[in-house]
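*Asks:* My questions will all concern the structure given below.
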């Protein structure tokens with residue numbers, strides 16, 4: 001009888017927690033907070049749990065662990081990227097910006113020249129965070145209950161899929177909720193520059209593609225010949241992506257910064273691996289996680305015709 005009572009109490013506690021999260025929205029993202037209240041997990045275990053969710057399903061690569069002595073932690077980056085996924089087509093802004101915090105550390109580790117680029121990116125993440133704080137103080141900016149779900153037409157299959165707009169932390173909880181609110185309030189300007197969250201997100205989105213392509217190239221192992229220098233790979237990734245949106249002066253400054261990039265051995269130490277094969281395994285995990293967030297963001301921006309905001 002004692003066991004049954006304990007089980008009933010545990011179920012009741014779980015239902016109360018779920019009910020509270022449902023009323024506040026964002027159930028998927030806040031599920032971990034419910035579990036933490038029941039059983040505290042230390043920081044290392046949390047990182048392992050987050051970044052191993054896909055590895056466990058496929059019996060693939062081992063869990064990424066913390067790298068001693070490094071400010072940038074690849075395991076933390078992957079954890080944030082995985083946490084940013086909301087439903088099937090949305091991106092939660094808080095873990096998305098936390099992912100950028102870790103990517104900024106990555107860029108800063110590459111030397112003072114690249115830090116100039118990371119400083120510009122940090123101003124972008126600050127803008128969105130400040131907009132989120134202002135939104136929390138403004139009741140008019142809250143996402144209405146009718147935005148909890150909406151139907152979107154699938155361009156390939158013609159089927160209607162329910163696309164949930166993540167709520168729970170105001171209008172700047174997710175990419176979709178932010179875009180919906182800023183369009184509704186006329187914050188987005190399609191003709192001139194503004195400090196809207198949508199325009200700022202687009203700049204971060206473009207930079208994310210550059211870093212994704214650079215890490216992807218760095219992970220590649222040629223079947224023959226020598227490994228190419230990170231400097232050349234980073235410059236190529238930039239020329240394919242961000243350079244199309246920069247002035248001549250900015251392009252020259254960026255390419256000068258890439259010349260000063262460290263050699264490949266530095267990246268081995270940065271993520272605590274011994275050789276190119278191990279580096280490739282780690283970076284492939286990172287690139288896959290970045291790729292999903294990039295694709296989701298690209299889809300939302302494209303749906304709202306925001307890929308060319310001034």
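Just so it is clear, glycine is given a Cβ too, placed from its N, Cα and C backbone atoms.
A quick note: this is a predicted structure, and the numbers were derived from the prediction, not measured.
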*Asks:* Quick one: which of 109-137, 138-166, 167-195, 196-224 does TrEMBL have down as region 'Disordered'?
*Replies:* 138-166
*Asks:* Please work out the mean pLDDT for the residues of the domain 'Glycolipid transfer protein' (92-272).
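*Replies:* Summarising the domain 'Glycolipid transfer protein' (92-272) by its mean pLDDT gives 83.
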